[in-house]
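Below: the structure, in structure tokens.
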Amino acid sequence: EARRGSRGAFNPSAPDPSDAALYRPPWVTTTLGCFLIFTIVVDILGNLLVIFSVYRNKKLRNAGNIFVVSLALADLVVAIYPYPLVLTSIFHNGWNLGSVHCQISGFLMGVSVIGSIFNITGIAINRYCYICHSLKYDKLYSDKNSVCYVMLIWLLTVVAIVPNLFVGSLQYDPRVYSCTFEQSASSAYTIAVVFFHFILPIMIVTYCYLRIWILVIQVRRRVKPDNRPKITPHDVRNFVTMFVVFVLFAVCWAPLNFIGLAVAIKPEVVVPLIPEWLFVASYFMAYFNSCLNAIVYGVLNQNFRREYKRIVVSVCTARIFFQDSSNDAGERLKSKPSPLMTNNNQVKSSLRHLSGLKSRGAYLSFIKHFF
């Protein structure tokens, strides 16, 4: 029998996550499953397009887009392993993969989330230095330094997620069919996670983008005409693109983080007040964020949009070319005459040519030449 509270929350005392299950109408699980399938497909295809676009296009291979590729990898992590396991638990109405997969899934999901917000913070700092401190940018963000910054981001991500293994906060929650961070496992730890992994990065990113907006407005209005950096329309579009990425992340993850913060402060008061549908909606809205960034790049960034088209056309053309080549080969095999037919045609052609010869000498010379 499932070990759960009055609102269906998984009890940490259960020995195995497969002990927990919820019984919902079929349309609910079908809707959640289809939503997650769409997220997985768009996540994988979109972020692969981002990575290949930066790899193929020289205009996109710059220090700033190293963080974009790193963010795409963070989004890919959940689509490759944790989300398919969540999908399996949705259609099996419970976790049937064992506690080891549960811990790995929860760990990778945490790596993806924290890696995403840290990369978004890195992108904001990069844009701030590029626009507000352009004279120092090339030195600060050389190729070697940029790679080191990305490695530092992932190192901090792993360091940030490791304490979950000791606190015991990675547990299966049947309400969202996921092995994820249990908000009520430790109030102090949950508050620290929300602050250091969401609120503090959001504050840093907000400061960076606010300074950029102020500088862009000053340049547009020529408040500082004598000593202002050169901001091209291309720079502004790139900044707006990454700003939208940040806003979408904040909107998608804010409900879940605020619920966690409220639960951590007063769990006995807040937990009964949170409707189950709100908790589930906040989780799946957060999951949905992993597939949005690639769409934003394609819509707002002209270089990404062009490279997307080139990649899609290249893939389609290669497939069509392969099919056409196969069909052409088949047609050639069908239409290729047999050796016997070829010889007959040569004989017929020779006889027609013989009929046109007027002298016996020409005929004999032809026979000698032919044989």
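Glycine residues also receive a Cβ, built from the backbone N, Cα and C atoms like all the rest.
Taken verbatim from TrEMBL:
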type     : residues : note
TRANSMEM : 27-52    : transmembrane segment
DOMAIN   : 46-297   : domain 'G-protein coupled receptors family 1 profile'
TRANSMEM : 64-84    : transmembrane segment
TRANSMEM : 104-125  : transmembrane segment
TRANSMEM : 146-167  : transmembrane segment
TRANSMEM : 187-217  : transmembrane segment
TRANSMEM : 238-265  : transmembrane segment
TRANSMEM : 277-300  : transmembrane segment
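Of the candidate ranges 64-84, 104-125, 238-265, 238-265 contributes the most Cβ pairs within a distance under 8 Å of the transmembrane segment (277-300). Two recorded stretches are said to be in contact when at least 3 C-beta pairs lie under 8 angstroms, sequence spacing 6 or more; the transmembrane segment (238-265) and the transmembrane segment (104-125) meet this definition. Confidence for the domain 'G-protein coupled receptors family 1 profile' (46-297), expressed as mean pLDDT, is 91.
Long-range contacts of the transmembrane segment (104-125) within the same chain: residues 64, 67-68, 70-71, 73-75, 77-78, 81-82, 85-86, 149-150, 153-154, 156-158, 160-161, 164-165, 170-171, 178-181, 197-198, 201-202, 204-205, 208-209, 242, 245-246, 249, 253, 286, 289-290, each at least 6 residues beyond the stretch ends and with a Cβ under 8 Å from a Cβ of the stretch.
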